Amino acid sequence: MTVVPEGRKLLRLEVRNAQTPIERKPPWIKTRAKMGPEYTELKGLVRREGLHTVCEEAGCPNIFECWEDREATFLIGGEQCTRRCDFCQIDTGKPADLDRDEPRRVAESVQAMGLRYSTVTGVARDDLPDGGAWLYAETVRYIKRLNPNTGVELLIPDFNGNPEQLEEVFESRPEVLAHNVETVPRIFKRIRPAFRYDRSLAVITAARNFGLVTKSNLILGMGETIDEVRTALRDLHDAGCDIITITQYLRPSPRHHPVERWVHPDEFVELSAYAEGLGFAGVLAGPLVRSSYRAGKLYAQAARVRFADQPPVS
């Protein structure tokens, strides 16, 4: 029996994935470690206070830029997800009991770090009666209570499309409500078997109808075609998505989906122009862009478009 480091048995899909060696990255997949004064101060603070961010723990290549802008991302709900997506490094399994003190700790971390903008994401919690809706909403509420001048972006699962659970989350009023579609319809079930493409679009539409600024992400290099990406961009815009990020898939381990191709930077430039032409209020596309990359600046850009005649929702 083959097991993963977390101790569970490998899925057949993971065994098949592992037969393909980790791909060699092209020369354009690289970053420069530019450590400015804000980054250096924040890193020291995180060390002293024992704070935890997705930025560090996931080894995000954009940490230097985001921390220099006093932006950071936090993961809530535990280390085990009840769903498995073939690109995601978070492990699948039975999550620990709900930690009802987590919203306070995240809010205090945001406060201690002096963040201008915070992104909160989390695992799917299908084991909980409310799917984790209270946890997501309460984290936003607590951050806003302690940090009234800090923007909050909330990246959520689909809560199985449950209207009551979605409404509870929406009512916490994050500056941005994000739900990532990630890939195109043809390969969606293979990549995200516990999600549905149409349901993900419906979540974005519901958030937009509630009056929130909406956001999604597409990952390239998992077997899609450029024409399919263009179609997905049209679907997202038609669904009411305000902000879109587009990125290159980087394989976390041999048991994850192989990289089908490395998308050249020129293609990201073309897709960015295409998305802007569709009317997205904020667009970022590139090999090392991540869904939370420059999130505060993207929100400000989108808010100027969405709320041209009124102040942004806060």
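Every residue gets a Cβ built from N, Cα and C, even glycine.
As written in Swiss-Prot, here are the features:
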type	residues	note
BINDING	C55, C60, C66, S292	[4Fe-4S] cluster 1 binding site
DOMAIN	67-281	domain 'Radical SAM core'
BINDING	C81, C85, C88	[4Fe-4S] cluster 2 binding site
Listed in sequence order, residues with CB under 8 A of C55 ([4Fe-4S] cluster 1 binding site) and six or more positions away: N62, I63, C66, W67, A72, T73
Environment of C81, C85, C88, the listed [4Fe-4S] cluster 2 site - residues of the same chain whose CB lies within 8 A of the CB centroid: R83, R84, F87, Q89, I90, T92, V123, A124
Listed in sequence order, residues not in C55, C60, C66, S292 with Cβ within 8 Å of the centre of the [4Fe-4S] cluster 1 site Cβ atoms: T53, V54, A58, N62, I63, W67, E71, A72, T73, T119, R290, Y293
Residue among the binding-site residues C81, C88, S292 whose Cβ has the most other Cβ atoms within 10 Å: S292
Nearest of the binding-site residues (C81, C85, C88) to S292 ([4Fe-4S] cluster 1 binding site), judged by Cα-Cα distance: C88
Greatest C-beta neighbour count within 10 angstroms, which of the binding-site residues C60, C66, C85: C66
C-alpha spacing of C60 ([4Fe-4S] cluster 1 binding site) relative to C81 ([4Fe-4S] cluster 2 binding site), in angstrom: 20
Cα separation, C60 ([4Fe-4S] cluster 1 binding site) to C85 ([4Fe-4S] cluster 2 binding site) (Å, whole number): 19
C88 ([4Fe-4S] cluster 2 binding site) and C60 ([4Fe-4S] cluster 1 binding site), distance between Cα atoms, whole Å: 13
Secondary structure at C55 ([4Fe-4S] cluster 1 binding site), reduced by DSSP to three states: helix
For C81 ([4Fe-4S] cluster 2 binding site), the three-state class that DSSP assigns: strand
